[in-house]
């Protein structure tokens, strides 16, 4: 049993701007406990008589200043706790502080650089490294990840649900047994045999966490998360099992609503966060008071889950994260006061050992059977009754495991019962005979199959040859198509930089018959149409959300928009930097692999030389009837020293390669996490853009329906400006001079003719024109053509016939 108080540490976050830095000092006297002094200057607006306290001093186990890196924090805080967990004690590390003070960065780490890894990934690396070194015990590791959001628990690692939102995850409920032990229903435990599997589970859970932007923090975690490592160990053949668990807790940040001014959904989240932290503080105060008979653990889910960590069988450590900017000094002082109360709590950590009853029963049964066999051998008693079915099945299982065991020293232990010995010999004989019969049947069947398959081989070869030829043709066609598309894309990028005013001032409208500017038509026809994806047409609006999904389901326009969004995103620089680092690590790993192979071959060569040298000396001594000289051979000693040097070099490079492997996998996880975040933000942005375009844009006629289209001069100007911004994406806007606009999607090759003007729109027209003049007559040169003469003539005839029908309909209605 280990009795100790909760260890408290402080970490100071660097300020965003230096002029916002508050006044503080750190006293790290070796004879005394380090202390942090915060100076809160008096406000002159409070008047001349102001007795407000200016200096606040707090003591911690250690204080990490702004320049402390993640490695230093892990070595001094998490490593001792992880070592006690390996020894069989429970451990907890939790970070407490206001929002934006660096709790998530300390516990989980940053997503930008590998050196920014937090306590969780570094602890996983340390634990699995120690497990590999200790081969005297059998270890089993399980991972769980719990999120508490608005007083509801969610399992972030549930494999049975594909979570697109937090509500899709299964809810975790708290159950309590008669011994007042807490059990979490619906919280899954995932076994992790390697560090890579554990990091993958951490990455999976982090992608499902609730993160939102607040005035204090752009990526504020809006929930409490508890990452738990369950570790069990036992020695081979022993019935004693050690269990330990390590809670790594990332609390949501407290914030003063009056200061931040949040509202709506963020306000609801802030209420739940502040309430749960208030209940946590109540538990801390109750535990620090010696004569309190009741501890209010059940007030919140978080205090119920952390019952052992706060006042029970656990070695607990707290990290107070401080943001010592001028505007945050009050919250930082409050955090330090909370830490001082936490330091008064004393826990009693007990070694979690238990005896597995199943292993004890199995060991005792085996011991009883051995004693019975020894007794039968001594007394010479022979049993005559037949073996039971259970005994026969047990003997056959023993024989099967004996035959499958590759160990040459394995034994078939059936005791001194001659009935069992005879049955084992009979069973082995039966297995041998069955194997011979099976081999004979297999040989005969193979000979028959060869005779039958000879006529079919030629036909099968011919079919395979035809299929191969067909696949080659398909590949050639696809390659040609790819080259053409690449050429179109390059020309589109080249022509996309044309000045828009020159395009509008051009005398000839686009898609003129016989237009020699084929590159212009290629640009308009090959540029991805944002109109196809924003879908202002009513019929396509229902398909919008289906297109906003994973990258492989995106349309061409959506993919281009995603590339632009990714290029302009703030995380693109981080992703590119990680790509460069990953490329360097891959190159280094490749070079190390080659060096390791060279060292391995050199070690083998040196061993062979030493062996040959030794054989030559022995042969020389035998031929000359001389004993082997006692003095060591200098050449052999030199070879042995080279061999040892190569072994050390090989071991060093191999260790570095393993570290590189872990770093590469962590970088890949960071990149995957950034890509998932980028994808989610793009989906939100894309949906907002599509919704805004549908709300702000007027009704546009489809090919099958025509409706009156009325606009004021202001709305006409806004609509024209909106569509002119989309002209580079493939939209063509034409003002017919009657208060109407014709919109055609030149990529989709669809023409949306203007409807007949209503009488109201004719009154609004500046110049009165005859009714037949108001019918839009699209110039032939503005019709998008294909280049084929027959097809183009059919298109022109169809447009003329349609305009004639529209004109007759308008005349008939008037």
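We number each residue from 1, going along the chain as drawn.
Including glycine, each Cβ sits where the backbone N, Cα and C put it.
Note that the structure is a prediction, hence the values are computed from the model and not measured.
Looking at the stretches 456-494, 495-533, 534-572, 690-728, the one that Swiss-Prot records under the feature coiled coil is 456-494. Cross-referencing 266-295, 296-325, 326-355, 356-385 with Swiss-Prot places the feature coiled coil at 356-385. Mean predicted confidence for the domain 'Kinesin motor' (5-345): the pLDDT average there is 83. Residue density at residue 104 (ATP binding site): 25 other Cβ atoms are found within 10 A of its Cβ, drawing on all protein chains shown.
The DSSP secondary structure for residue 98 (ATP binding site) is strand.
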